[in-house]
Amino acid sequence: MGSLRPPQGLGLQWSSFFLGKKGPGLTVSLPLLASSLQVNFRSPRSGQRCWAARTSVEKRLVVLVTLLAAGLVACLAALGIQYRTRTPPVCLTEACVSVTSSILNSMDPTVDPCQDFFSYACGGWIKANPVPDGHSRWGTFSNLWEHNQAIIKHLLENSTASASEAEKKAQVYYRACMNETRIEELRAKPLMELIEKLGGWNITGPWAKDNFQDTLQVVTAHYRTSPFFSVYVSADSKNSNSNVIQVDQSGLGLPSRDYYLNKTENEKVLTGYLNYMVQLGKLLGGGDEDSIRPQMQQILDFETALANITIPQEKRRDEELIYHKVTAAELQTLAPAINWLPFLNAIFYPVEINESEPIVVYDKEYLRQVSTLINSTDKCLLNNYMMWNLVRKTSSFLDQRFQDADEKFMEVMYGTKKTCLPRWKFCVSDTENNLGFALGPMFVKATFAEDSKNIASEIILEIKKAFEESLSTLKWMDEDTRRSAKEKADAIYNMIGYPNFIMDPKELDKVFNDYTAVPDLYFENAMRFFNFSLRVTADQLRKAPNRDQWSMTPPMVNAYYSPTKNEIVFPAGILQAPFYTRSSPNALNFGGIGVVVGHELTHAFDDQGREYDKDGNLRPWWKNSSVEAFKQQTECMVQQYNNYSVNGEPVNGRHTLGENIADNGGLKAAYRAYQNWVKKNGAEQILPTLGLTSNQLFFLGFAQVWCSVRTPESSHEGLITDPHSPSRFRVIGSLSNSKEFSEHFRCPLGSPMNPRHKCEVW
């Protein structure tokens, strides 16, 4: 357990008082002053005899000197109190007034912060921000993403002569998406032709290609679908300097197995999903509903069978247990329903795969059971299911009728109100999702100041230092493990803003050289991108991982930690208000981007990240005593979050454990880093009218980052799929574990925000 800093500014130290600034000769020590006042005074008895011998003038002088000395002591005490309790000056700049207004508008000051800090911090924001039409959730992240979208729209619609070829391809892709006239002319034709090319779909017409293996290879290798299982290339967890083929469970059309298995609770969603399937079948020429619905029901039943053998995410958190490396030959024995060598060679062409190819499998039992399921299922149904995977992935690139079908299902699935969102928002999102690195340079030049990397690096350095200070005080960790943990923290690599290659036009064009976008053919461009991205994946198999390969594009409002690279990544999109603003008090910046940095850094030591060493290799580098102590510390957090609920539905403390550890550790590291900053730079000016200290502002700024609203349907989906806790409990859970928070807001022990029993890991 980390040692806690005593309260700042509470209580007085009577050993000395300082007049003005500290400096030589300006310190008056009370013990010395008291000693000087006793000079020439003897013991009480002798003093009484001396007093009687004094003349009346001497007696009056002694009394006068005593009174003057007492007055001097009182004045010094008053000056000391005034110095120690002096309120910092108020910031009245335009920026400070503006941020104060924003903070006040978000708050609900009628709520007791010690009872419900989330409502205190966000109550005003929630009242003023109902979920907008076309959305199922809304918050500060959404607001910033919309801001970034508007910037991207402007950049994509305004060509520049200096644009690289890759940037021009992104613009062609976007404009084809915006050409609604052409899309409406083509209607369903592009996808219907593709289905026919692949041998047909029994839902929409004659099924001519009774070849399970060929269909599986084509829909996987050329159109990036993942029926039955997913296949991809990534760093080998136990040999992080090498990439390796990885196979994992996949194949569900709904976000989680829970939707299929808890039928009563999710009946509305299951009915909506089936209706959506039927509607797409009709739009693709499937004839009358009586022939389509039974076949779609069979597909839904097959997905339910897949859900039954799918392992819940909360049981997959120990990566040491689920990691299995096999050869292609061993995989063939494990899951014989697939002819693996032709399948893998089709996906990774032109790379040659033989029987000795190493493959990492994350659930051997799932693959064994899915192979049995395939062998026992009718070939027509298997084809229908694989083609449904293709249709589900590609229908959004067709005309408005398909958009309407999507929106209707989204309303059932997420509670999204149907609305006519501007087409450009859909097209910006899709272009950024597929070609985000190609358009990255435009976004970076428009939004990312030259010194932003340096500023972010300084913040990361401060957070890292604070985290390591806390690490050094942990009582539950043995010294050898602590030393190795510090080495890992020191070795964490920072990636800020964007990968370097995107700012070099030649390097960027080289990456996108094999992708061509065609004017006015949106569906074709999307299919070409799917095929291109799989070729890029294949190209990585025989290469070592490198730090320029990011999992997020520059405009993304997010951040992440990569365990195999031991690196934290902060795209340019998140290095903006409300997370970071140059003109804001640093209390808000540390409470915003500082906590985000601390969160990602702590992921290196959560229940999954801690299993990787400083070089990114999965191996047991902790001593057993510390592993057991860690499990005890984290079990407290599992139980804490298990007790939270939304609309009567509980949070899964096991599934959300990694993110909860990161939330709590990130807050603690950022707070300590802010205290270090104040010690080095002095107290900040406070914001007007709030009546809050800078430390209180830190916690308020942290909480207001998470102000958000969700529909009931979206909340339900989040509880069963999202590894993060709901926003409300990301705030309440972390703050109620913080002793410093309770001290600064003076929350009574035993109040909701200051429980007697607190959980702490890092």
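Using N, Cα and C of the backbone, Cβ positions are placed for all residues, glycine too.
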Record-annotated Zn(2+) site (Swiss-Prot): member among Glu635, Glu649, Glu659 besides His599, His603: Glu659
Minimum Cα separation from Asn179 (N-linked glycosylation site), reported as the residue among recorded positions Cys91, Cys114, Asn308, Cys707 that achieves it: Cys707
Residue, out of the disulfide-bonded residues Cys122, Cys747, whose Cβ gathers the largest set of other Cβ atoms within 10 Å: Cys122
Taken over the domain 'Peptidase M13' (90-762), the model's mean pLDDT: 94
Nearest of the recorded positions (Cys96, Asn202, Asn375) to Glu600 (active site) - Cα to Cα: Cys96
Disulfide-bonded residues compared (Cys91, Cys427) - the one with the fewest other Cβ atoms within 10 Å: Cys91
Top Cα neighbour of Cys707 (disulfide bond) in the set of recorded positions Cys91, Asn158, Cys177, Asn531: Cys91
Which of Asn262, Asn624, the listed glycosylation sites, has fewest other Cβ atoms within 10 Å: Asn624
